[in-house]
Structure formats: structure tokens, C-alpha cells
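Asker: First, the structure itself, so that you have it in front of you.
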Amino acid sequence: LFGGVGLPPGDPQLVSMIVNHLKTQGLFDQFRRECLADVDTKPAYLNLKQRVDNFVSNHLSNHTWSPHLNKNQLRNNIRQLVLQSGMLEQGVDRIVAQVVDPKINHIFRPQVERVVREFLSPGKEEGGGVLEQTEEEKDKPISKTSSKPSEEKPDEEVLKSKNQAKQKAKERIKEGKLL
């Protein structure tokens, strides 16, 4: 049982409480802002944008403009064609790899662990909770095999987090919020 919460580790109710706490602390919004701040400078985004722009331009070149043209129908048709092409899913995977992946272990995880530690052990000083690290552990690199980020082996939680981020992006694409 953890801190004052009284639920065993992995309990869905405990997980939900922690996620809600992380949200109230503004971490998800902060992470979103950090990722969006530099997404438009990454090659994967620029490549995807260029591919979508070219796809749309080619499609529009086959249509003649007239005042009676149903622009909403044309827009929806293009959106469906882009979705069916699969270029967005592949592009989003690359964007996540370039924007989110490098931040997971070095930026996001330490902040999440700190907030979870504070949640599970309220009133204790930094580092005094259930997830307490020794001074020795604090000095060790995050990776189990190397301190180089490119050699880090993602654990199950990291992979789950990445997959959830990808799934959210795909859902937003299908809803038309990213086009």
C-alpha cells in the first residue's frame, strides 16, 4: 500500500488518481507545449508538411475553380484521400520519434517521478517517498546499459507512453484536428 492512498501498486484506481494528479499539476500541458515548441523545426514534420502540400496541390490541379464549387465537400474529400494514403500515420510516427522520444527519459520521466513521489508521500521532503533514490542511484545514468541516449533500451512504461501519444495523434488526425 502506498503513502496515504491505501491502494496496491498497479491498481487502476491508483493509476487514475496519479494521472489526474499529474494533470492538475499541469505536467501534460507542459509536455505538450515543450513538444509543440520545436516540432515545426524537425525534419520529419517538414517532410510530412511538404508531402501533404504536394498531395493537396496535385489533387487541386485536377479541379477547375468555379463559384459553385462546394469547398467543404472538396476539403473533406482531400482529407479522406490524405488519411487513406497512410502518409500521416507514418509521418506522425517519425515526428514522435524526433520530438518526443529524446525527451522521455531525460525531461519527462524525472518530472513525472518527482510528482508521483510527492503524491504518494505527501508532506515529505523531496526524495523522501516510496520512490526514494539513494545518492548513488541519483548519480547513475537512466539507462541500464549506457549513459548514451541512443543506446537506451526503452522499458515497458516508455513504450506504452509512446504508443499512447501516437494513438492520440492518430485519433486527432482522423477527427480532422491536425489538417
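The backbone N, Cα and C atoms fix where each Cβ goes, glycine too.
Note that the coordinates shown come from a computational prediction; the quantities given were computed from them, not determined experimentally.
Relevant sequence annotations retrieved from TrEMBL are reproduced here:
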- 149-160: compositional bias 'Basic and acidic residues' (COMPBIAS)
- 168-179: compositional bias 'Basic and acidic residues' (COMPBIAS)
- 18-113: domain 'BOD1/SHG1' (DOMAIN)
- 123-179: region 'Disordered' (REGION)
Asker: Give the residue counts of the domain 'BOD1/SHG1' (18-113) per reduced DSSP state, in the order helix, strand, coil.
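Answerer: Taking each residue of the domain 'BOD1/SHG1' (18-113) in turn, the totals are 80 helix, 0 strand, 16 coil.
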Asker: Quick one: average pLDDT across the domain 'BOD1/SHG1' (18-113), no decimals.
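Answerer: For the domain 'BOD1/SHG1' (18-113), the model's average pLDDT rounds to 92.
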